[in-house]
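Database features (Swiss-Prot):
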BINDING   THR29, LEU30, GLY31, PRO32, ASP86, GLY87, THR88, THR89, THR90, GLY413, ASN478, ALA479, ALA480, ASP494  ATP binding site
Amino acid sequence: MAKLIAFNQEAREGILKGVDALANAVKVTLGPRGRNVVLQKAFGSPTVTNDGVTIAREIDLSDPFENLGAQLVKSVAVKTNDIAGDGTTTATLLAQAVVTEGLRNVAAGANPIELNRGIAAGSEFVVGKLRERATDVSSAADIANVATVSSRDPEVGDMVAAAMEKVGKDGVVTVEESQSIESYLDVTEGVSFDKGFLSPYFITDTDTQHAVLEQPAILLVRNKISSLPDFLPVLEKALEASKPILIIAEDVEGEPLQTLVVNSIRKTLRAVAVKAPYFGERRKAFMDDLAVVTGATVIDPEVGVNLNEAGAEVFGTARRVTVTKDETIIVDGAGTAEAVENRRAQIRREIENTDSAWDREKAEERLAKLSGGVAVIKVGAATETEVSERKLRVEDAINAARAAAQEGVIAGGGSALVQISKELREFAQEFEGDAKIGVIALANALAKPTYWIADNAGLDGAVVVSKVSELPNGEGFNAATLEYGNLIEQGIIDPVKVTHSAVVNATSVARMVLTTEASVVEKPAAPAPEAGHHHHHHH
């Protein structure tokens, strides 16, 4: 593949165009009066969405330099989404603004390294100020507000708050499709742990990037699975029962993993392999817990249960299993209530009898996992497109609510950022030269989210920004009512964690773009000349 190399101005201009293309597509969705964007997929029906990261993921530009810019900003959206699960549109706009102003200054001869020093210092200052402004979120009403702002749907807000109340703020809340047009909350028995799939080829739902298995055979293996001849017989048992299979083992490597991946790609078998969490005794104990919850038998040569001799009787099962890149959730395991209760009693005895604080803490964690429910929000709607759009909104709302419970909230609508921007300008006076210009570039960028929220509501963005900057902490512009007031009381709030991830990720990508002296990209292949007969191009 040929490479194209562009230097300085040319590289930066292409990148800037791409940054703008992506940010402008996302920008229109911001705020309560933001619009939806229709995404035409290569296959399947078009999606209608106002979720920044969903839009960002779909954008690919034909010009390679512009595409580089778009992909850089896309990475900001995706990173912010990974950390906080929301706030991607804000992050994208901040990145666009810092990049635009930064590049303008670089073109005029500013030193990119100095600009970056200012941007980095400014970013730290802003995060500190966001934390100072944080209001703790404790009540269900607060959580409902956060979730309502995120999803633009009070019904969703109430369901998320109810779910978090049932399972605690560290509890598991998942989203499923409901079988009817109604949406409702269901709390079931479930166990989750922090290990995800060993290969992205196991993903079954590309929209959410999850692997979902309904009523799978669950195979628990104490050691590594590395020999294919030992592993195949068990795999065939799952195939015979025509069930998907979830494998939890110390590790799955080599040929067995390749076999699972190839079969997943060919769709001959739905399989997901996950590493067992923890180490040593703790891993052993947790695996035994899982065996009780799912009704499985742990494969363990030490007690004479060998992989190559195992039949279908070693499988456990559950109503469904959802695996993400870093978490596994087993809902409604098939283990009997009696067996699970006995297991809990046993762990309680361990807690009473141990002298080690660490052991006690770990045993309490296991007990919590075994007793903890999983809240399932069932999302219903009239059409397939509508269901998938609502599911995304509900997931954003859950993430926003969890982030709020962790780090508190600030006034929404970008207001806190506008007000911090004023303090940042004062902070800029401590710098000189290009570093100062960098701090000021960030200060200008912080006004952009409010500017576009107002603009989307049909008002003059600049006027709204200047008004908001004069208001005290907690007050700002409400784009739904078009009035200024105490946003925290009105429930227009953003989680600090979401906003601070947006600032950190946006500034880090902007700094990367500003120090780009050259960019090397793949040169697009020239279209083949047509001969007398038609070629079919396969992409």
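In case you wondered, yes, glycine gets a Cβ from its N, Cα and C as well.
This view paints the features noted in Swiss-Prot onto the structure.
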residue : record           : Cβ within 10 Å
THR88   : ATP binding site : 30
THR90   : ATP binding site : 27
ASN478  : ATP binding site : 23
ALA480  : ATP binding site : 14
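Under the DSSP three-state reduction, THR88 (ATP binding site) is assigned to helix.
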